[in-house]
Amino acid sequence: MVLIRVLANLLILQLSYAQKASELIIGGDECNINEHRFLVALYTSRSRRFHCSGTLINQEWVLTAANCDRKNIRIKLGMHSKNVTNEDEQTRVPKEKFFCLSSKTYTKWDKDIMLIRLKRPVNDSPHIAPISLPSSPPSVGSVCRIMGWGTISPTKVSYPDVPHCANINLLDYEVCRAAHGGLPATSRTLCAGILEGGKDSCQGDSGGPLICNGQFQGILSWGVHPCGQRLKPGVYTKVSDYTEWIRSIIAGNTDVTCPP
């Protein structure tokens, strides 16, 4: 009973904060074409359907979620509209893919991360540029930016032509524990959303970035369906917990293991 009261009070406090912060929300609309130069789209050569997003972290490497892995992945960089091609759009295929513990094993709360080495590097251009790994973990209460080409309807699949962006709040992990049964006491994930609902990542946005105070802090891992439900924030892989693993692989130490 004590735990229930504590979590209830925490939810009330977080909801109060979210209601104030929601007045600042820009999202739910088309992203500015200049704000997502690091955002990439993943699709398969067979279906040609975009199923995930990812983040360019340097000219040769993309970070996304392990649940986005498919055979014959193609990676589209520099894209805004699916139907109107930018002059500097480029397509790449993976040269190598790295998972934690050299496997594809992950859970809803751990190790949902995939590092992709591109077969050919890309150059910076008007619509392509990497974003750095975070210098420090994010703080609860931060306003964070989500983006992607995922469905814009919470109940049916309705993929937009252009990426949509929204601002959500970084919440205490205990909020996600209260909202989603089965989460452990600790995990290498972030909890983010708008507790009164209406703003959320959704189907097709997996693997995309969570940008908090200008830093790349999270990778969309999972959420509930229908999307955008009240008191049901999303779960994001915590990038700052994996920076050492990422940097080691990029430096050539491919035998490095993920944090426990």
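Here, residue 1 is simply the first one shown, and the rest follow in order.
A Cβ is built for glycine as well, from the same backbone N, Cα and C atoms used for every other residue.
Here Swiss-Prot annotates a disulfide bond for Cys212; of Cys52, Cys68, Cys100, Cys144, the partner residue is Cys144. Candidates Asn83, Asn123 were compared with Swiss-Prot; the annotation N-linked glycosylation site appears at Asn83.
Swiss-Prot names the disulfide partner of Cys191 among Cys176, Cys202 as Cys176. Summarising model confidence by region, the domain 'Peptidase S1' (25-251) averages a pLDDT of 92. Other C-beta atoms found within 10 angstroms of the C-beta of Cys176 (disulfide bond) number 23, with every protein chain shown included. Using CA atoms as reference points, the disulfide-bonded residues Cys31, Cys144, Cys202, Cys212, Cys227 were checked against Asn83 (N-linked glycosylation site), and the closest is Cys31.
Listed in sequence order, Leu42, His51, Cys52, Gly54, Met114, Ser206, Gly207 are the same-chain residues six or more apart from Cys68 (disulfide bond) with CB atoms under 8 A from its CB.
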